[in-house]
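Everything on this sheet refers to the single structure shown next.
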Amino acid sequence: MATLLRSKLSNVATSVSNKSQAKMSGMFARMGFQAATDEEAVGFAHCDDLDMEHRQGLQMDILKSEGGEEGGESPLEGDIHYQRDGTGPLPPSASKEAGVCSELSGQGKPKITAWEAGWNVTNAIQGMFVLGLPYAILHGGYLGLFLIIFAAVVCCYTGKILIACLYEENEDGEIVRVRDSYVDIANACCAPRFPTLGGRVVNVAQIIELVMTCILYVVVSGNLMYNSFPNLPVSQKSWSIIATAVLLPCAFLKNLKAVSKFSLLCTLAHFVINILVIAYCLSRARDWAWDKVKFYIDVKKFPISIGIIVFSYTSQIFLPSLEGNMQNPKEFHCMMNWTHIAACILKGLFALVAYLTWADETKEVITDNLPSTIRAVVNIFLVAKALLSYPLPFFAAVEVLERSLFQDGNRAFFPNCYGGDGRLKSWGLTLRCALVVFTLLMAIYVPHFALLMGLTGSLTGAGLCFLLPSLFHLKLLWRKLLWHHVFFDVAIFVIGGICSVSGFIHSLEGLIEAFRTNAED
């Protein structure tokens, strides 16, 4: 009897603890402190379940009940992501967690407010890659500042028209949501002749962008550590190897719940770093070199700057899933407006102030210009942020690869990398490790932050933010569009195409030159 009473009291205490945690998480979520990251979110919502974890990190981070310990532990407990397509037994705690989530939201799926959605979009377009924007001003002058504004306007517009492609008018004349993702929109545009071609193109572009983001994190980690401790007998390549050794456990990731705990700290640390850099620049306001800001451009290097600017605004990949999980989707347009206006102002001021401080000596990563006493501290924080941010794009890339190559039913190119019990097979784990090593090799052979960022922005950034949304909008809704919408879509497609091709060619030339230089060394 005493044992039974003790067991019931333990269950009640556990339930109260879980609900308390849920309420606290919900409170922080309502305040806007979502456990989402910055630029990685660009591609992190290729599917609803993954995107839900990014945006509802704190809300979904509920303490698991201790029921598993009482009734015997299951090897799959708490591992929802490993139950692929219903294979493998569901963990006993899954239904309990789902019940708590339903209690939080009042529905089967937690919904987010416009402020919470805006917080995630802000994180996506205000990430640590803004550290490369002063370098874009170096080669573009005032035109670079104009492009920061222009890119904000265009990306805001294309984000809205991309969401418009999710909806159609039904027989009753009501506007209803008939698609759920970027891939669905792409497939609808290519149907009926090629019903899956568009989705595959989007998936390839997404994988390239996610993997390149991982490579950039390794590059920036090696670069920052090398410039923070120049007196140590450790090269930039060696620092990159050390960073990758720290990141190798990412291959064992089952889900992102553990990672999401660090996301909020990452974002707050980044804002603190930006404030420190701007504060130092303001302290040298008397020495600002206004005469160095040019009205002409460096024809060879400015196209690279276009890619850098575009890459810093990429968020279109996860917008469909974000809008679909808003409490009031009608607030999406307003949210896009104020997030991109804020991003435009902050990016423009940061880039201009930093460039005025160092002028022609501006480096690819602006923190490398700081005095050695401040640089080491700031760079260590940035490295920590980069390393903590790496798992998100890596996990998203792995999910896309696994779903498209190994788990696409009869259309899969390779056998399923998961066993019948939902566990990852050894050769699947080897492929994950190979992907981590691939990001290291690219970072070692092409340790140029600006070139890689420019190449990615010109190739996938311009495609996913400029070209495809305008093309899809014209294809799906051309009969209902007003003439000025048609004009905007065509103009964006043409201008985006020119900028994309130009930036890609110049970035590729720079990378080829970098390969040759490394080969000679």
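Each Cβ is built from the backbone N, Cα and C atoms, and glycine gets one as well.
Taken from TrEMBL, the feature domain 'Amino acid transporter transmembrane' covers 111-507. Annotated transmembrane segment per TrEMBL: 143-167, 207-226, 262-282, 302-322, 334-356, 376-401, 429-446, 452-474, 486-505, in sequence order.
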| Given pairs 6 or more apart, does the transmembrane segment (334-356) have at least three Cβ pairs under 8 Å with the transmembrane segment (429-446)? | no
| note | If one takes Cβ-Cβ under 8 Å and requires six or more residues beyond its ends, the residues near the transmembrane segment (429-446) are 211, 214-215, 217-219, 222, 237, 240-241, 244, 247-248, 250-252, 394, 397-398, 401, 417, 452, 511, 514-515, 518
| request: Six or more residues out from either end of the transmembrane segment (302-322), which same-chain residues have a Cβ under 8 Å from its Cβ atoms? | output: 39, 41-48, 51-52, 54-55, 112, 117, 120-121, 124-125, 127, 129-130, 132-133, 135-137, 139-140, 143-144, 147-148, 151-152, 155, 158-159, 162-163, 166, 179-182, 184-185, 206, 209, 340, 343, 347, 450-451, 453-462, 464-466, 469, 499, 502-507, 510
